[in-house]
Each structure stands twice: as structure tokens, then as C-alpha cells.
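Over in TrEMBL, the protein carries these features:
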| type | residues | note |
| --- | --- | --- |
| TRANSMEM | C:12-32 | transmembrane segment |
| TRANSMEM | C:37-58 | transmembrane segment |
| TRANSMEM | C:64-84 | transmembrane segment |
| TRANSMEM | C:96-115 | transmembrane segment |
| TRANSMEM | C:135-161 | transmembrane segment |
| TRANSMEM | C:192-214 | transmembrane segment |
| TRANSMEM | C:220-238 | transmembrane segment |
| TRANSMEM | C:245-265 | transmembrane segment |
| TRANSMEM | C:271-288 | transmembrane segment |
Amino acid sequence: MLKLEKRPQPSRFWTWLTPLLAVLITMVAGGALFAALGKDPVEAIATIFWQPLFGEFAFYYRPQLLIKGAPLVLIAIGLSLGFRAGIWNIGAEGQYIVGALTGAGVGLAFYPAESWAIFPLMVLAGGLGGWAWAMIPAVLKLRFGTNEILVSLMLVYVAEQLLAAMALGLMKNPEGHGFPGSRNLRQYESAHNAELIAGTGMHWGVVAALIAVILAYILLSRHILGYHIRLMGQAPRAARFAGVRPARLVLFCLGASGALAGLAGLFEVAGPAGQVSIDFNVGYGFTAIIVAFLGRLHPVGILLAGLLMALTYIGGEIAQSNLGLPAAAIQLFQGMLLFFLLAVDVLTNYRIRMIRREVA
Amino acid sequence: MRITQLLTTAALALGLATAAVAQDKTKVGFIYVGPIGDGGWTYEHDKGRLAVEEHFGDAVETVYQESVPEGADAERAITQMALQGADLIFTTSFGFMEPTLAVAAKFPNVKFEHATGYKTAPNVSTYSARFYEGRAVQGHIAGRMTKSNIIGYIASFPIPEVIRGINAAYIHAKKVNPDVEFKIIWAFTWFDPAKEADAATALIDQGADVILQHTDSTAPQAAAEKAGNVITFGQASDMSEYAPLPRVSSIIDNWAPYYIARTQAVIDGTWESTETWDGIGPGMVGIGEISDAVPADVKEEALALKNAIAQGAYHPFTGPLKKQDGSDWLATGEVADDGTLLGMNFYVEGITGQIPN
Amino acid sequence: MVFGSIDPTLLLASLMVAATPILFAALGELVVERAGVLNLGVEGMMITGAICGFAVAVNTGSPLVGFVAAAAGGAVLALLFALLTQYALANQVASGLALTLFGLGLSALLGQGYVGIKPPRTPKLDIPLLSDIPFFGRVLFSHDLMVYLGLALVVAVWAMLKYTRAGLILRAVGENHEAAHALGYKVVRIRVLAILFGGACAGLGGAYISLIRVPQWTEGMTAGAGWIALALVVFASWKAGRVLLGAWLFGGVTVLQLNLQAAGLAIPVEYLSMSPYLITILVLVIMARDKSRAPASLGRSFHASQ
């Protein structure tokens, strides 16, 4: 009989090996899936994992990895702080939308004035918007003891409706022939989150994501607040004796994750997406939750996990267009990858032991 | 490091389109907003793609990508197709307009065709169908067939195309049945079967015995079938599985002739940036077979109307017509210009209710 | 007067239909959450049930067999979640989200050959005599079997949780798994069973959409119903009776806004669509003062370490 035994310390060896193991298992299982669909499995897997990085057009796809990965990493870093402290914000999608709306709103309000100050103001507004949206579950939790998982999730739906209302109403492009959607911020110089170096994919969102990774690393490993966060998550009662004030942690963790999600929304709407439209949100807020766990809630891990997710998205698109794989197969493949990554993590914290049936 | 990046950027901006020229097989790409199995909008575009494959055989290779979200992901999907050597790319949703133009600027040698948009470039054409011509025929049948004089209309989003359809249907229903009344529901979705079914049921519950829909699923057809004594019209595709009742006819998007013609133009080297807005005449809008549930005289009138529109003898928006607020729009015999139609944001006189904004 | 053309009888009758899919899914999730497990994969299980039920109903010609297959399909997907969270001790939030992604992809692949096909009709059960009662007959007694099954399930879940030993154990596991374990209950086994039940219910809810409410198969056709079901459980403060109330409210808001539009009323659709979620948050706040809270062990992994 197999039995799990908790390790006294998470295993370093398995922490690094499990993601590789999961990717390998996924390649085998995914290959079988693609073969069942009548495609060459080796070619399909190579297209997904190799083409974006080292293929003929890698010079285009590598920057795209940054563009696709940056919002995931930015949001996931914020979420991981809370997750470590046992504070569960799963409404990042809503905070992302609201950040995009407030940020874009500021930009659109200034149109067509040109000034260097507009973009910084938008960044500020985007961060504040996400922060404010996350403060709702935080304040309700502290004031009434409501569950932040549920309140933040409900607010996603509210934000989605708000987005539709804005794209069809207040923010609709007056010169858009009656179609829904705002003006294109990419054609409004002062509001455009442009590439910093053309062709690299580096925009302010990527920079912000990298800064967030570094700050989170320092916070968690060097700063007293980071220590409190970890303590709160591992031993809430001990944390209280150590002088941790849970209310402050709730405000900090939800606030920080909301602000980062809001920033991600702003950078996206002012850059790669360009406009507020009904379908502006494509699930970054939810995918980031997965990224946070794939990265084992560690800043560097999240950075790598975000890039891996981005890789499967982009590689998946190439496989669709080059090999005629249906979009559904790619979705299924991603689902499998996540399953395996989550499943093998058990090896990090537990030891598998064969035991003989005990004599009761 | 920096220099190589600059070089690759330059390659992207200038050189890459040449990769496409080097091939002898013409490669045609399609970007779809929904899954090809949606049974409506994307399904019909994909039928057009298959028609291109069949027509040209080995001379043409087609590629497609489905369920592409509008925005940043669309731009990447289009770029990717251009990089892989597509000579002609059709982007089949309004939301792909800005991404299409952005990519087109980087690939001057690749031709782009954007459906339902209004912005063009030297290598970007637009194309769309005059669905309102089909709506006129539907309105005529609806007005003649209704017994309760209440016609239900499931609209998607308040955009000019949808408003045009409502007006065209209303004008022609009213013409043959002065007592007719339109009940309009804005579903705020193109595709949500459950919601569309609910919308159809709500309209039927309130006395509608004809349902027109500008959303893409067959859910309203099924709801009408369940209710009985209600007629419907197929949207985007024929939906003939619901014929002869409740579906009595349909508007079919037929993109195949256009896709074949444009592909041919690329092969011949005669492709130019154009703004196409075709209707029943050139065959971009098809009227599905009018079923036997429609009395012979009504069917005859409807076909006559269809032919008049097809030959250009009759325009569905011909004066005298007033706007909803009672102000004059078109004088007797005057025909609406395309500019007004493309930006239509008002109901014609007689329709109750407001266009949401 | 403005509401003149809305017939309240028909409105309520279609409300019953609109509420049924989310009712099934939410009841299943309620049992799961009462056992202390948060499965965010409801949407994925619903859509898998929708295609399994549809495909089997088309191939066998029997909607009833279809519904059985839908429940099985939902449960199989739920089994994946159970393996991940109960045996591999993976995080429940992340696993649930992955499950939704997986289910959407799987259903789309399975459904490729079923687009544009009509499923066999599910007959309406007009209960004799009762269905002739004015008003109530049409609203309550003139539906298909699944509507009644949904209502019966509400009663069954309520009674099970409140009066049976099994319900007591389930709640004990959800409130404090260490204590339940100490008392000798098989925490993991109970949770796995609850998760399977939740999957089967979600599958039934999905198949109700593809076989009766719409009825047809199209990719992504559940269009977010699974997420609404999740909201519903919270709204209902983990009580079966309130799930029914909530299902009517959530289903009702959609039906009502469509009816108001048809009646010619200009209403701000987006703001009306937000209202159920805002009400849910309000309910959460009120509930927090009340005694009824979320199960204490909700979302936490359990591992019996000796």
C-alpha cells in the first residue's frame, strides 16, 4: 500500500524537479492526444515548446512571450503575497478590469491634449482603481467578517457588467460609427503604453512585472512584513503572539494584489489591447491564480511559471495555425499541464512510502 | 545584442513579407472570432474557406485559427499568419479592425481583408454584406404571416448593422400589415444559446407569433418549435433542420464567392484595396428556401421582392420615410445613401422603444 | 399598465425552466462545500455533462439515458479534481480553475460531430388534474421531469443534511476535519464522495441546457452558468432551501429583464445584470452577523499525519 508521509522540510530537490517532471508527463500525454487526433505528436509538441523560442520566427515570438507573460506575472506576484498569508483574493480579474477602466478613463478624459504627465496619471489611476476594488472585500472582511474569496469573486461579475456598460456607453468612441469600444489609446501618443525599445516587447508592464518580482523577493526574504506574511500563513496563532496584526495584513495583501492587478489592466488597455471593449478581459486574473501556484508562490517561480504559461499560449496558437489543431485540443493540453504540475507538487512536501498492511 | 534586435526589427518591418513571395502556392489565412462549430457566423466563414480549398485545389493552401480573442491576441494571431507566409488574410470580426491595420502596416506585401469594418489601407480591404436586403424579405413574410400582429425581434448589440436590420424588417412588415407591432429584445450577446432561448420564450409569452433573430444560435428556433404556432427565420446559416416549421426561410451569409474572387485576384496580381458591400444581387446574401408553410401567394410576393432587390430595381430604404421622432428622413422616391446606412443610429417611424446606449 | 403584455403565469413558468440548470449545479456544489471542499470547476463539469448527455441522447434516442450519461460524465471529471485535491493534496482553487479549462477543451473536442443536430425531445409531464389548476397548474405542474427532479433534490439534500447521520458526518468533516478524523470518520473518502456527487449534479445541470432548455450542442454553450451556480451557493448561505430561492432570483433576473424589454421598457441591462451579485455580497454581510457562515474548513487540504 502507498502512503504519504509529510516531510519535515519541503524538499529542495523535488521543488526543482517536479515542474520538469510535469512538463515531461504532459508531453507524453499530450502527444498521445495529438496522435489520437491524427497529427504527428512529435511535430505538435515541438511546435508548442520549440517554435516560439528557437524556431524560424522566434525573433517575433520571444517578445510576445513578454507581452503575454507580463500581466500574468504582475497579477500573480500580488496574489502570492496574500496566498502565503492565507488571504484569498480570487477576484483579480475584476480588479484588472476596473484598473483598466479607471486608467483608460483618465486617458480618455484628457483626449486630445498631449502631455508627458498623462501616462503617469493613468498609471496612478489604474493602480488606484484596482486597489479600491480590492478594498471592498478587505473592508467587508474586517468590518463584518465576510469571506474574501466569495466577495472578490462576486465583484468579478460586477466588474464585467461595468465593462460592458462602459464600452457601450460612457467610453464609446464618438467617432466609432456607433460600434462599441473606446478610442484606440495606441493612436493617442500621450496615453500609449508603447514598446520602450521597438521589437523587444518591452513595455512598462513588463518593467513593472520585473520590479514586482524583485520587490516581492526582497519583501519575503528580507523584510519584517514578509516574515509576518509567512508566519501568518504557517501558524496564525503563533503570528498573533509574535505581534502580527491580522487586520493590517489583510489590508496590505488585498490592497497590493488589487493595485498590481489594476496596473496590469492599465498597461494592457493602453498597450497591447489598445481600447476598452466588451471582451477586453481574457481571463488573465484567473490564469494568474494558476500561475501563482505553479510558481509555488515564490517570486522567481512565478516569473518562470508566467513565462511557461505564455509559452503554451503562443506555441498553442502556432500549432493551431500550422498543424490545423483545433483550439479545443490546445485548451485540453493546457488543462493537462496544469493538472500534472499541481499533482506532482505533492512530492515536494510529502514522501511516498510503501508500507505493508499494518496489523491493527 | 542591441544591434541584432534592431536588425530583427528591421527584418520584421521590411523583409519578411518577401518570404511569402518566394512560395509558389498561394496561402490564404482566416482569423475567426468563434469556434468553427458555432453553427452560425464563424461556421459560415469556414464554409467559405473550404469552398476556396475546393475551388483552387492544390494551387492554394488555407490556414485558420479559431476562437481568437479580440485585442492583443488577435494582433499576434494575424502577425503569425503573415510570418508563416500567408499572402492573403481574412479577419472575420469587427473587433479585429485595429489589429488588422496594425499588422498590415508591418507587412506591406501581404493583403488583408477585414469583415464589417470601416477603416482601409493600401493593403487592407473591407467587406461586408447588405443583410438588410434579406431583412426586407423577412419583414414582408413576417407581416403577411402574423396573426397576432406582434413580431418579436432578438437583437444583439445596438450597432448600426443590427439597427438597419430592424428598420428594414419593420418597414416591409408595416407595408403589408399596417397593424404590425415590433417587440425588440437586446440580448447584448452574439451567441448565448440559453439566453437566446429565454429571449424567444419571453417574446412568445407576450404574444409574438413571428420571431426574427440577429443572434447566431438555433436556440430561438427550438424555443419556437416547442411553443408551436410560431414562425422563425434562420440567421447566418440556413438552419434548415428546423424547416418547414418553425423556420420558414433564412438569411444565409455566403462568403464563398467573395473569398474565391479575392483569392483569384491575389493569384492574378490584380488585388486592390476595395470596400465591398454586397447584397442579394452578387450572392453574398442568400435567401434560404421559403418553406411550404408559407402560402403560395406570400411566397411569390417575397420572391418578387427578392428579385427586385437583386436586380437593383428596388432599394429597401426608399422614401417616403420618417425617423422615429417624426422628423423627415427620405422624401418620396429618395433612396438612402450608404453613409447614412453605415452609421444608422435611429429607428424609423412607428417602432416603439429606445435604442439602448 | 406598462407590464400589460407580461403574463405573470408564463413568466413564472419560464423562470422555473431558467432556474433548473443552476439549481442542479448549485445543489451539487453546496454538498461539496459543506464537506469543506471548494471546487471552482463547476463550469467545466457542467459543459462536460452537457456534451456527454447530448451525445448519448442522440445516439440512444433516449433523453433519460442521456441524463444518466451526463451525470456520469460530470462525475468522472470531478474524480480528476478529487484525485488532485484529496490524494495529491493540490490547492483547490487552482485545481478547480484548471478543471474548468480542461472541461471546456474536452467538451469541445467530444462535441465536434454534434453541431447542428437536434436531440430527441424530452416529453413534458403534464400532471393530470393538477396541471389544470389555474395559474399554479401552468407554473408548477406542467414541466418536464427534470424540473421536478431538481425540486425533489432540494428537499432530499435539505433533509439529508439536517436529519440524517450521513448529513451530520458530512457537516462535521466540513466544519473541522481534524476533529472528524479524530472521531474516526474517513475524511478523504467522504470528501471524494461529495465531490463526485457535485460533479454528477453539475453534469445534470449542463445536460438540462443542451437537451431541454436550448436544445442543441454548441461549444461553450453553458456560457458562465457554472460561475453563477458558485455565486448561488454563497447567496444561499449553504442552505438547500435558499438555493432554490436563489436559483429563482438569479434565473429570474435574466428572464425578467428580457420580458421587461419585450414589454417595451427601457432598462439599463448591465446594471440589472449586476444586481444578483451585489445582492449576494449584501447577503454575505448580513449572514456574517447571523450564525450561518461558510463551512470552517472550506478550501483547506486535509492530510492525516500521525
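Any Cβ shown, glycine's included, is placed from N, Cα and C.
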Which of C:37-58, C:64-84, C:96-115, C:192-214, C:245-265 contacts the transmembrane segment (C:135-161) most, counting Cβ pairs under 8 Å
C:192-214
With the greatest number of Cβ pairs under 8 Å to the transmembrane segment (C:37-58), the stretch among C:64-84, C:96-115, C:271-288 is C:96-115
Non-local residues, at least 6 beyond the ends, that sit with Cβ under 8 Å of the transmembrane segment (C:271-288)
228, 231, 234-235, 237, 249-250, 253-254, 257
Long-range environment of the transmembrane segment (C:64-84) - Cβ separation under 8 angstroms, sequence gap at least 6:
39, 41, 44-46, 48-58, 90, 95-96, 99, 102-103, 106, 119-120, 146, 191-192, 195-204, 206-207, 211
Mind checking which residues reach the transmembrane segment (C:12-32)? Cβ under 8 Å, same chain, six or more beyond either end.
38-39, 42, 45-46, 138-140, 142-143, 146-147, 150, 153-154, 157, 161, 170, 194-195, 197-202, 204-206, 208-209, 212-213, 222, 225-226, 228-230, 232-233, 236, 238, 240, 243-244, 246-248, 250-252, 254-256
